[in-house]
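Report on the structure given below.
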């Protein structure tokens with residue numbers, strides 16, 4: 001509710017019990033879940049999804065306003081809605097600030113190597129309802145913080161109305177205007193410098209080609225110490241095999257809540273067909289497809305050269321106590337020197353291209369030379385082309401995957417249509433091949449069959465899909481006091497697929513059957529004959545890579561989602577035969593329906609608004625599974641993968657020669673095509 005009149009009468013006491021974390025429990029049942037504090041008195045009770053003691057307190061006392069102590073929501077029982085406004089004194093805002101100050105004393109437990117995981121309200125913030133002397137300092141801290149905010153607010157208003165305050169405000173405005181002018185001047189200087197560099201790079205070389213064939217002169221180096229010279233001489237006398245990184249075992253540094261992007265990029269790079277099509281795109285020869293900076297610094301050679309030092313900086317990190325031999329399995333932990341490649345914080349070309357960034361990143365990750373990459377250029381390209389993911393907020397990995405593939409598809413289609421004359425024939429052919437892989441690798445088709453109950457007439461519609469969003473059975477959505485029976489702590493993936501393809505009855509008479517209305521003329525003013533019907537979804541064409549998105553959320557209360565933390569049992573081999581239409585089963589070999597597990601994206605945490613994403617990927621080059629946790633990579637077994645709490649599953653079809661598509665004669669009748677959504681509709685008598 002935007003305006004609640006009961007908030008204007010709110011008067012908070014400075015020693016309210018909500019400021020003491022030890023009292024964040026129900027006074028009747030002592031539970032700490034969904035605790036609501038009355039804003040009229042010091043009473044604390046549980047919500048309606050626990051024992052409903054807060055509502056009973058309102059019925060007994062008539063106090064309408066209550067605040068949830070962790071989510072900081074305010075609810076009015078008289079208005080029967082959540083409150084969004086505040087009283088003129090701003091007490092609710094100050095109260096929320098005080099509670100955040102109390103909770104901020106325990107946030108150090110969540111800091112892990114420069115990355116803070118924002119846990120849910122039911123995380124480490126829960127304090128047992130014990131009366132110990134430790135709660136008194138926290139209450140005093142909250143009271144002091146609230147009084148300081150009130151005093152600062154009063155002094156700020158008084159100072160702004162004084163003559164000195166107005167003069168200071170005017171001076172600040174002048175400084176901001178001067179800073180804007182300086183920034184504009186700096187921007188103009190950068191633009192002039194960029195144009196000058198472009199002109200110098202495009203100018204013809206002054207030296208002849210004969211001079212370029214000579215070997216470069218000696219490079220000046222710093223004088224080495226005695227210990228360094230001894231190590232170099234020992235290495236020259238006893239040459240050893242240089243330490244190598246296994247191809248694909250390259251970590252991606254977390255640049256600030258970018259675990260969702262890192263996990264998806266690791267999965268896409270481990271899908272062999274998707275990876276190979278982007279590796280075949282060479283930016284140095286495909287100039288029109290990937291417009292480069294004219295200074296030539298965007299090219300990535302086999303080893304870092306001096307010309308690319310402005311774009312990529314190589315940092316040598318020495319691991320202590322490790323042997324200088326063997327492959328790097330977990331971001332350089334088993335070798336004496338691991339190389340970290342740090343991309344430039346701006347895209348490497350004037351024209352931002354996700355295809356170019358994917359090519360560069362995949363080439364580095366599968367070169368076997370880098371143990372860790374900081375994907376700054378990829379992140380800024382995503383920010384520029386997908387504004388919804390701009391910033392360092394927590395994001396959903398499934399939404400990012402869909403948006404990334406959509407933008408890559410749009411980019412390839414626009415390059416092939418708008419600049420067709422300028423692109424050579426070989427590059428146009430290469431672009432079409434990549435676009436075909438992007439469009440078809442996840443593309444499948446569903447058969448939507450609606451059966452009229454009155455005349456048993458069946459209408460079939462073919463719809464495209466790129467992933468299957470599977471819902472949990474109904475028993476996991478029914479919450480009774482937050483308790484889940486022990487026999488429902490696990491769910492089968494096959495059960496979720498069966499629920500997706502089961503027959504459901506449409507509510508009421510809402511279906512206009514073509515057979516029942518066939519004798520009715522179009523000019524007839526009488527309404528259409530509506531009847532009851534059944535609907536079923538079946539797989540009509542299987543994709544090369546099957547994406548299964550597990551919808552791990554349920555609604556608990558009003559406008560509140562929570563995660564379903566049930567373990568889903570999935571196998572390494574998945575057979576899709578039971579979920580396809582019957583005509584497909586008779587026309588194809590059984591091996592066509594077999595899928596092998598390729599990757600798993602896992603979400604750690606109790607809610608989708610916070611947590612952490614990691615990925616389990618199968619390395620096709622080495623034949624092993626690897627757990628990709630940002631910059632840390634560990635080899636694991638398939639048994640460990642199957643025990644994870646999966647969020648997105650990727651299965652690759654074993655045989656791709658046969659087309660898992662139903663032939664046209666099996667569905668005879670009328671065919672309707674739609675250019676808008678590319679759907680085909682078949683009707684059967």
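Every residue gets a Cβ built from N, Cα and C, even glycine.
It should be emphasised that the depicted structure is a prediction, and the values quoted were computed from it without experimental measurement.
Swiss-Prot has this to say about the protein:
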- 259: active site, nucleophile (ACT_SITE)
- 612: active site, proton acceptor (ACT_SITE)
- 4, 6, 76, 79: Zn(2+) 1 binding site (BINDING)
- 26, 29, 46, 53: Zn(2+) 2 binding site (BINDING)
- 38, 41, 57, 63: Zn(2+) 3 binding site (BINDING)
- 250-654: domain 'USP' (DOMAIN)
- 2-99: zinc finger (ZN_FING)
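Each of the binding-site residues 26, 41, 46, 76 was scored by the other Cβ atoms within 10 Å of its Cβ; the lowest score goes to 41. Fewest other C-beta atoms within 10 Å: among the binding-site residues 4, 79, that description fits 79. DSSP assigns residue 63 (Zn(2+) 3 binding site) to coil in the three-state reduction, outside any helix or strand.
Taking the centroid of the Cβ atoms of 38, 41, 57, 63 as the Zn(2+) 3 site, the other same-chain residues with Cβ within 8 Å of it are 39, 40, 43, 58, 61, 66. Each residue contributes its Cα atom, and for residue 29 (Zn(2+) 2 binding site) and residue 57 (Zn(2+) 3 binding site) those atoms are 13 Å apart. In the three-state DSSP reading, residue 38 (Zn(2+) 3 binding site) counts as strand. All chains included, 17 other C-beta atoms sit within 10 angstroms of the C-beta of residue 63 (Zn(2+) 3 binding site).
In the structure shown, the C-beta of 259 has more C-beta neighbours within 10 angstroms than that of any other entry among the recorded positions 29, 38, 259. Considering only the binding-site residues 6, 38, 79, residue 26 (Zn(2+) 2 binding site) has 38 as its nearest partner by CA-CA distance.
For residue 53 (Zn(2+) 2 binding site), the Cβ neighbour count at a 10 Å cut-off comes to 20, with all displayed protein chains included.
Put simply, residue 38 (Zn(2+) 3 binding site) is 11 Å from residue 53 (Zn(2+) 2 binding site) when counted between their Cα atoms.
The average pLDDT for the zinc finger (2-99) in the predicted structure is 84. Residue 4 (Zn(2+) 1 binding site) falls within neither a helix nor a strand when secondary structure is assigned with DSSP, and so counts as coil. Here residue 57 (Zn(2+) 3 binding site) comes close to 38, 43, 45, 63: these same-chain residues lie at least six apart in sequence, with C-beta atoms under 8 angstroms from its C-beta. Across the structure, residue 46 (Zn(2+) 2 binding site) and residue 259 (active site, nucleophile) place their CA atoms 35 angstrom apart. Annotation: 612 carries the greatest number of neighbouring Cβ atoms among the recorded positions 6, 612 [cut-off 10 Å, Cβ to Cβ]. The secondary structure of residue 46 (Zn(2+) 2 binding site), as reduced to three states from DSSP, is extended strand.
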